[in-house]
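Take a look at the structure below.
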Amino acid sequence: MQLGGPSWTVPLGRRDSTTASASLANSDLPGPGSSRSQLEAAFLKKNLNTVDMVALSGAHTIGKAQCSNFRNRIYGGDTNINTAFATSLKANCPQSGGNSNLANLDTTTPNAFDNAYYTNLLSQKGLLHSDQVLFNNDTTDNTVRNFASNAAAFSSAFTTAMIKMGNIAPLTGTQGQIRLSCSKVNS
């Protein structure tokens, strides 16, 4: 893989929807301001446990977030943020405006799928509130510590969680379609 990270076998023949719904997706995905308990509840609704939740959050080792999703965190909304980290983010995310300005979710290794995301959390450098709550003197701290110090444990847990997530509410019978190309609806 170009970015590194684990791999797993994806079963062929899965039926996919022929339509997409942003509102449905957003109603199921916890937001960037979610608390740890809100995250756990959202994942549990999909039969994903706390370790799955912490492992899947590790996908934030790549990607970016818009300023509007972390502005409150860097301007005094959270106390569990590294001061120098918050200051560095303010240059590209002003208190007003710049809503769509981007910052890397993982500032250490933004182009590698690795366990640096968890190391960042140990240093209070989680970009989103929903990231940092995973390491904030609570029940998920030990899992974050484990993944920060053991890349193989993270990779294994991430793979397990991805397989579980891939099996959430599959379409059956005549629902959806088996796509000829995964990235587009059959014509």
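The chain as shown is numbered from 1 upward.
The backbone N, Cα and C atoms fix where each Cβ goes, and this holds for glycine too.
Here Pro30 (substrate binding site) comes close to Gln38, Leu39, Ala42, Phe43, Ser130: these same-chain residues lie at least six apart in sequence, with C-beta atoms under 8 angstroms from its C-beta. Among the features that TrEMBL reports, substrate binding site is placed at Pro30.
Sequence annotations record features per position, and here TrEMBL assigns heme b binding site to His60. Cβ neighbour count for His60 (heme b binding site) (all protein chains, 10 Å cutoff from its Cβ): 22.
Per TrEMBL, the feature Ca(2+) binding site maps to Thr61, Asp106, Thr109, Asp114. Less than 8 angstroms from the CB of Asp114 (Ca(2+) binding site) sit Gly4, Gly5, Thr61, Ala151, each of them six or more residues away in the same chain.
The disulfide bond annotation in TrEMBL covers Cys67-Cys93.
Per TrEMBL, domain 'Plant heme peroxidase family profile' is recorded for 1-186.
Neighbour counts of Cβ atoms within 10 Å were taken for the disulfide-bonded residues Cys67, Cys93; the minimum is at Cys67. Cα of Cys67 (disulfide bond) to Cα of Asp106 (Ca(2+) binding site): a span of 14 Å. Among the binding-site residues Thr61, Thr109, the residue whose Cβ has the fewest other Cβ atoms within 10 Å is Thr109. Other Cβ atoms within 10 Å of the Cβ of Asp106 (Ca(2+) binding site), summed over all protein chains shown, number 26.
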